[in-house]
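What TrEMBL says about this one:
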DOMAIN    10-223  domain 'Glucosamine/galactosamine-6-phosphate isomerase'
ACT_SITE  D66  active site, proton acceptor
ACT_SITE  D135  active site, for ring-opening step
ACT_SITE  H137  active site, proton acceptor
ACT_SITE  E142  active site, for ring-opening step
SITE      S145  site 'Part of the allosteric site'
SITE      R152  site 'Part of the allosteric site'
SITE      K154  site 'Part of the allosteric site'
SITE      T155  site 'Part of the allosteric site'
Amino acid sequence: MAEVIIVPDAAAAGALVADEIASLIAADPEVVLGLATGSTPLPVYEALRPRLEGVDVSRVRGFALDEYVGIDPQHPESYRNVIRREVVEPLGLTPERIHTPNGALETIEHAGDDYERAIAAAGGVELQILGIGTDGHIGFNEPGSSFASSTRVKTLTEQTKRDNARFFDSIDQVPTHCITQGLGTILHARHLVLLAFGEGKAQAVAGAVEGPVTASVPGSAIQLHPRVSVVVDEAAASRLRFADYYRYTWENKPAWQGL
Ligand code: PGA
C-alpha cells in the first residue's frame, strides 16, 4: 500500500519531497523527473531551489503530466509556460531536456504516441510528482479513465474547469480538452509521490488511498503501484480511516529507509 505521511503544512511536505529529489539528482545527474503543474507541487519546487544551489542540474530530464489542447503556446497558462516559469527557470534546468505533451491541434493525433516514445527513450520516469483533483483525477485522467491508458486526449469535467478557472479570466476560457499521460503511463514511473493540501482534497485523498480501486476515482490507481508516497497535511488527511496507523508507521520508520 501507499506510505501515507501526514505533515503539519505544505512547506514541510515540500521540504521532504525536495530532499528526496535532491538526493536523486546527486546520485544521477541525468535523472528523469515527472513534473506536475497546479498549486500543489509549488512548495516542492520552492524547497528545491536552495537545495540545488551550486549543483549541476544541466543534464536533469523531466516530463510534465499534461497540457491543454489547442491553447496558444504563448498563453501564460499553457502548461509548457507554467513549467518553464515555475520549474525550469527558477531551478536552472535545461529547457530542451524538459518536455510537456504537445497540445498543438495540427499534430494532436500522434502527440500521445510521440510522448510515450520520448518517455521510453529516456528510460522512464524515476520519481513522478502528482497532485490530485477534487474529482479524484491524477494528471488530467478524469473519472472513468482506464488504468491501462497511455498519453491521449481527454475532455475536462465541469468540476475541473471550475477548479482551474482561477488561472483564466473566466471559466469559458478554460480549454475543453487536454492531453495527459495515462494512468498506465503514470503507473510505469518507479516512485509516485502524491501531494495534497487542504480540506477540499480530503475526500479525493481518502478515495485514492483507502477507497475501492475504481476508474471512478482515478487516483485509486496508486493502490496498484508498489512504491507510492502520499504526503498530505492534516486537513487533506482528515477523512483517512487509518490516519493514526499512518502516523505511527512514519514515527517508527527505520532511518535507513528514506522516503
Ligand atoms: P491543484 O490541482 O494542485 O491546483 O489543486 C491538482 C490537480 O488538478 O491535479
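The backbone N, Cα and C atoms fix where each Cβ goes, and this holds for glycine too.
Bear in mind that the values here come from a model prediction, so they are computed numbers and not experimental data.
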Quick one: among the recorded positions H137, R152, K154, which has the most Cβ atoms sitting within 10 Å of its own Cβ? H137
Of D66, E142, K154, T155, i.e. the recorded positions, those within 10 Å of D135 (active site, for ring-opening step) when Cα atoms are compared: E142
About how far apart, in whole Å, are the alpha carbons (Cα) of E142 (active site, for ring-opening step) and D66 (active site, proton acceptor)? 12
For a quick check of understanding: among the active-site residues D66, D135, E142, which residue's Cβ has the most other Cβ atoms within 10 Å? D66
Look at the recorded sites S145, T155 and tell me which residue has the greatest number of other C-beta atoms within 10 angstroms of its C-beta. S145
For H137 (active site, proton acceptor), the close recorded positions (Cα within 10 Å) drawn from D66, S145, R152, K154, T155 turn out to be S145
How far is it from T155 (site 'Part of the allosteric site') to S145 (site 'Part of the allosteric site'), counting Cα to Cα, in Å? 11
